[in-house]
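Features reported for this protein in TrEMBL:
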- 1-56: domain 'CS' (DOMAIN)
- 135-154: region 'Disordered' (REGION)
- 159-189: region 'Disordered' (REGION)
- 338-371: repeat 'TPR' (REPEAT)
Amino acid sequence: NIFCTDQYLKVSIPPFLFEAILYAPIDDTNSTAKIGNGIIFFTLYKKEVAMWDSLTLANANKEKLQYLRENAVLKAHEKAKEETEAKKVTKQEHKKYALEATMKLEEAERKRIEDLKEKERQKVTKELELWKKQQKDAEKQKRVQKEGKLHQEVEQLKEKKKEKMNKTGIPNEGTSKPRLKPTKGHGSYSMFSENLKEEQLPAPRSAATIKINFTSRVFPTALRESRIAEEEEWLRKQAEARRTVNADLSELEDLKEEEKNPDWLKDKGNKMFATGNYLAAVNAYNLAVRLNNKLPLLYLNRAACHLKLRNLHKAIEDSSKALELLTPPVPDNENARVKAYVRRGTAFCQLELYTEGLQDYEAALKIDPKNKTIEKDAEKIRHLIQGTTQDS
């Protein structure tokens, strides 16, 4: 055990003890000690360049030596305390940076997906406009062809009418048939043109775009009159929770509006847990709990993270808090209560508190008696308890 301050040096190797109160202060941060082959080699750097009369302080009475020892120990404690505080601050900064970095990555990914959707929408819009133009051109070509065909039929009928009139105007030899008056072509053409008018199709309608505006909604489902009161109550509670939190948490000023939503943070924590980033998931759940401490799923999910990180006492606290909020016990929260009992029982067993763990597993079995996995784990805990009792 080596203990070194700016003016006090001690080495404890039972049953030996080496102690030296140095002549002048040294730089204990840069000074080193190497141990090997039963020898300790010290390299000490003076704070001030000067010649020392001796290595240790000479002609000092017991009171002064005692004071220097105690002062060295106090300085060492203060230095250790400062280093601990500095590490704590650095750790908090790292956690905050990790959460911000994760949120930025999620925002970049969401923006990328939105850009892809926008490009796809523009592409589909262009294809639709091109298809409409092709359809319009095809309709126009059909209409021109039909008009040309009708005009050709009219000309053929005119020729036939003219030939018939010529034949009726020339009498046969040896006959005295009266000459028939030729039918005026004007009346015939007029009647045919009326038939053509009836057969002509109307022109196609011109294309147009109808713009429809929808009222923005928080809920993804359609508005129902039977649920208006329920939605308004939920929105009111959310607004009150946000106002309360914004008044208490000054660090939330830099967050976006969606990042102050506990549900959004819960989903983010679930994604981080699925990828194995348990510390970031705990940070997301912590912020969500500070925003709304009445959601049992936040404590339940955070307990799962603590189990992965071996923070067993915190896992027990979060599971107990989730069970407090999952009241009254109803069929809708059966699954959540089973998970809370199992996670708390697992934490107890890992702390070797098998009796408490078995109680939680048996409580979970009462809720879900058909769960074979929980039943097997409970049986293993019973064997552990029996083995511990026999060993005692």
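Each Cβ is built from the backbone N, Cα and C atoms, and glycine gets one as well.
Per DSSP, the secondary structure of the repeat 'TPR' (338-371) breaks down as 27 helix, 0 strand, 7 coil. Within the region 'Disordered' (135-154), the DSSP-based counts of helix, strand and coil residues read 20 helix, 0 strand, 0 coil.
Sorting the domain 'CS' (1-56) by DSSP state (H, G, I as helix; E, B as strand; all else coil) yields 0 helix, 29 strand, 27 coil.
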